[in-house]
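Visitor: Okay, handing you the structure first.
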Amino acid sequence: MMIGLTGGIASGKSSVAKMMEELGLPIVDADQVARDVVEPGMPAYEAIVAHFGTGVVNDDGTLNRKALGSIVFQQEEERRVLNEIVHPAVRRQMQQQKEQLIRSGEKTIVFDIPLLYESNLFYLVEKVLLVYVDEHTQLQRLMNRDQAGKDDAIHRIRSQRPLESKRDRADAIIDNSGTLDATKRQLIDILKRWKVIPEDQ
């Protein structure tokens, strides 16, 4: 079974991914893949430098994410160009990892994709598992975690699709407003229901 794990910023999705890993499930991490495909020498890296110029490259040859970010944040057309370079490379790499894991005998694979809805990557997965918290909890956690001011935190939360609107397409929802133990119990119940782990685990 291919499971898409998603959530919003500061929803606690990473904690759930860690729990799934501890249960022995292989994780394909979209954020890590997105970092890997823009490493020096990779085709996406070369395409970014060709388009945006050497101003987005650090002295050590790696991408200067801050410089690139300030360009694409302000200019929608440049953001579209960047997405057209990076997104296909990420999809290809994730597909390759999926095929590799299937060849090695894995029956269940977890795709940790923060922007599963926004990137429309549903075709990769059979089930969507949404890690949910209400916006008030999300705001408090983000401010505590990143030492962010309230306005900045609200802006970052609102730049993503609201968690509330993601509930409709989720096959299962974990309410992560409580303790980690409560979250883990919900996760295990869902995985048993989906027959990913045995009933007696």
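Along the chain as shown, residues are numbered 1 onward.
Every residue, even glycine, has its Cβ placed from backbone N, Cα and C.
Quick caveat, the model's predicted, so the values are computed rather than measured.
Heads up, here are the entries from Swiss-Prot:
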type	residues	note
DOMAIN	2-201	domain 'DPCK'
BINDING	ALA10, SER11, GLY12, LYS13, SER14, SER15	ATP binding site
Visitor: Would you identify the secondary structure of SER15 (ATP binding site) according to DSSP, in three states?
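Guide: The residue in question, SER15 (ATP binding site), is helix (DSSP, three-state).
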Visitor: I'd like to know the mean pLDDT over the domain 'DPCK' (2-201).
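Guide: Its mean pLDDT is 93.
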Visitor: Per residue, counting other C-beta atoms within 10 angstroms of the C-beta, which of the binding-site residues SER11, SER14, SER15 reaches the highest number?
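Guide: Highest number of other Cβ atoms within 10 Å: SER11.
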Visitor: Provide the number of Cβ atoms within 10 Å of the Cβ of ALA10 (ATP binding site), excluding the reference atom itself.
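Guide: So the number of other Cβ atoms within 10 Å of ALA10 (ATP binding site) is 23.
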Visitor: What's the number of neighbouring CB atoms sitting within 10 A of the CB on LYS13 (ATP binding site)?
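Guide: LYS13 (ATP binding site): 23 neighbouring Cβ atoms within 10 Å.
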